[in-house]
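> Next up is a structure, given as structure tokens.
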């Protein structure tokens, strides 16, 4: 495993549409966040999860494979960019594999494919699946830390805006299932049923 690469799990969302913390919803008897953890542990040793103050205490007694933190005070509630920056400041690395907790079908091979494009002239490696950019399932270089901080300090939370300022390598990925995002109970029931039917 490469010491220059760390993993970031984003678990700070409010899950309003889902109705309960998505991190603890289950697929195949395993919590969503554990699927994210499994995807990363096959590739990296250093992993940090960024979550909300309300959920942090629920993770800590049961997880020893990763560091669990909450967003920096001034950035709490400021979205995924705040989580990425907080994790980068917590755990030193050159590259960071980022994954949210609501993609329980993630195949680690996606990250292996993206890692083939790591290059000193690149700041971010972003997959495109089914024609859609996937900036939350991506690889970022530590060089973006300053850009993220500048954006957040100016109340700009858009990942797209960040990418506009970076040297980005976009990678077409043909597999759709890994990028299935569970936003609501209806999404959840739909995909669980699909799994059962297969």
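Any Cβ shown, glycine's included, is placed from N, Cα and C.
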> Name the residue, out of 28, 38, 102, that TrEMBL lists for the same GTP site as 10, 11, 12, 22, 71, please.
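Within the candidate list, TrEMBL flags 102.
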> With every protein chain in view, how many other Cβ atoms are within 10 Å of the Cβ of residue 12 (GTP binding site)?
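Counting Cβ neighbours of residue 12 (GTP binding site) within 10 Å gives 28.
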> Across all the protein chains here, work out how many other Cβ atoms are within 10 Å of the Cβ of residue 10 (GTP binding site).
24
> Taking the Cβ of residue 71 (GTP binding site) as reference, which residues of that chain separated by at least 6 in sequence fall under 8 Å from it?
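Looking at Cβ-Cβ distances below 8 Å from residue 71 (GTP binding site), excluding near sequence neighbours, one finds 12, 50, 52, 77, 78, 82, 83, 86.
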